[in-house]
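> The following block contains the structure, expressed as C-alpha cells.
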Amino acid sequence: MKRIFSGVQPSGDLHLGNYLGAIRRFVDLQADNDCIYCVVDLHAITVWQDPAELRQRTREVTAGYLAAGIDPKKSIIFNQSQVAAHAELAWVFNCVTRLGWLNRMTQFKDKAGKNREKASSGLYVYPNLMAADILVYKGTHVPVGEDQKQHLELTRDIAQKFNNDFGVEYFPIVEPLIQGAAPRVMSLRDGTKKMSSSDPSDAARINMTDDADAVAKKVRRATSDAELLPDPSVIGPDGQFTAEFRQSRPEAANLLTIFAALSGQTLADTVGAFEGKGFADFKKEMTDVAVAALGPMGAEMKRMVEDPSHVDSVLRDGAERARALADPILAEVYDIVGFLRP
Ligand code: TYM
C-alpha cells in the first residue's frame, strides 16, 4: 500500500486551483491507500498571519477537506502544529539541506520579492519543513499541483543525503503525483499567472465558498480573447492542449481546461462541444458547471465553520493518530543521528 501525504496552507481562501490540483485528488486516493492530509499551519506563519484569522482558516481548510469528501475515519486529517514531530524532524533537515539547494528555490524568490532581507528565516527553510511533513510518516507518494514540483525534488534530495550521510536505507524517495485534469489552474484575469490565494484581485480566482452570483460574475469577467473557440487540432497526443496553443491563447486554454475538469469530460469532448462558438455561450455553461460542482461543497463548508464542533473533533482525533505514527519514526531518526536518550 502507498502512504500518501499532502497538505494545504490555511493562509487564504481555498480556490479552484487547490481543489482541482490537490483536494479533489486527495479524495480519489483514499479508496486504496493509506492517506494523511494535513492543514499546514506552521507553514502558514512563514508570512504574517493574524492569529484569529489563522484559527478560522485552519477550520476552513479542514471543512474543505471534509466537504470535498475526505472521510476522517479512513484518512487522517489534522493540523500540523498539533504534532510536534514535524518541527523536530525539520530541525534535523535544516542540518542536512545545503544552503545552495535552498538558494535555488523559485517559490522563496517569488514570495520574498525584491526585499529579501525582510523575509522570515522560516520562509527560507520552508522546504525543509515540507520534507519533514512527508518523511516523518515515511510517506511514499505526494499528490500536489505543479507548483510544488521543485519542493518535492528537494524532499528527494534530503532523503537521499540523510540516507547517504548515515549509511542507512531509512527514508523512502518520494514520488510526486502531479496528475489529474488540471495540475496548474491559471488566474481568471491573466492566463499566464497561476491562480493563487495571494493574488490581490479576488476576481482572479473562484473560491470554494463563492456563491452562484459570485461565480457567475467572475466567469463573466474572466479575461478571454477575440477569437472563436478552437477545434480539436489544438489537443496533443497526450490528451492535453499543445504547448503552442497554451502559449498563443492562454486564457482560452485555461477556461476550457477548467470546464473539462469540473464537468468530468475529457478535454477533447469539451473542445468538440464548443468548437467555433464564442466565449459568451461558453461562459454561461461554464458558470452552470462551476456552480453545480462547487455550490453544495461551499454551503457545507460554511455550515461546518459556523459550528466548528465537528471540525475540531476531527482535528483532535487526527492529531492523536498522526502522533502515534510520527513519534516512533522521529525516535528512530534521533537514534540514527546519535542523540543520547538515557
Ligand atoms: P498550497 O497551500 O499553496 O496549495 C495547496 C495545494 O494546492 C495546489 N495548488 C494548485 N494546483 C493547481 N493549480 C493552482 N493554481 C494551484 N494553487 C495551489 C498546490 O500545488 C498544493 O498541492 N507547500 C505546500 C503545502 C505543503 C505540502 C506539504 C504539500 C506543506 N507541506 C507536504 C505536500 C506535502 C503549499 O504551499 O501548498
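Every residue gets a Cβ built from N, Cα and C, even glycine.
Quick paste from TrEMBL:
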BINDING   Gln9, Pro10, Ser11, Gly17, Asn18, Gly145, Glu146, Asp147, Val185  ATP binding site
BINDING   Asp133  L-tryptophan binding site
MOTIF     10-18  motif ''HIGH' region'
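Each of the listed features needs to be described in terms of its position in the shown structure.
Sequence-distant neighbours of Glu146 (ATP binding site) (same chain, six or more apart, CB under 8 Å from its CB) are Gly21, Ile178, Pro183, Arg184, listed in sequence order.
Asp133 (L-tryptophan binding site) falls within a helical segment according to DSSP.
If you look at the motif ''HIGH' region' (10-18), the same-chain residues 6 or more away from its ends with a CB under 8 A from one of its CBs are 39-41, 43-44, 47, 49, 54, 57-58, 60-61, 64, 79, 145, 182, 184-185, 194-198, 202, 205-209, 258, 290, 294, 301.
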> Taking Ser11, Asn18, Val185 as the binding-site residues to compare, which has the smallest set of other Cβ atoms within 10 Å?
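Among the binding-site residues Ser11, Asn18, Val185, the sparsest Cβ neighbourhood within 10 Å belongs to Ser11.
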> Using DSSP, how many residues of the motif ''HIGH' region' (10-18) fall into helix, strand and coil, respectively?
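The motif ''HIGH' region' (10-18) comes out at 3 helix, 1 strand, 5 coil.
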> How would DSSP class Glu146 (ATP binding site) in three states?
helix
> Give the distance between the Cα atoms of Asn18 (ATP binding site) and Asp133 (L-tryptophan binding site), rounded to the nearest whole Å.
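Cα of Asn18 (ATP binding site) to Cα of Asp133 (L-tryptophan binding site) measures 18 Å after rounding.
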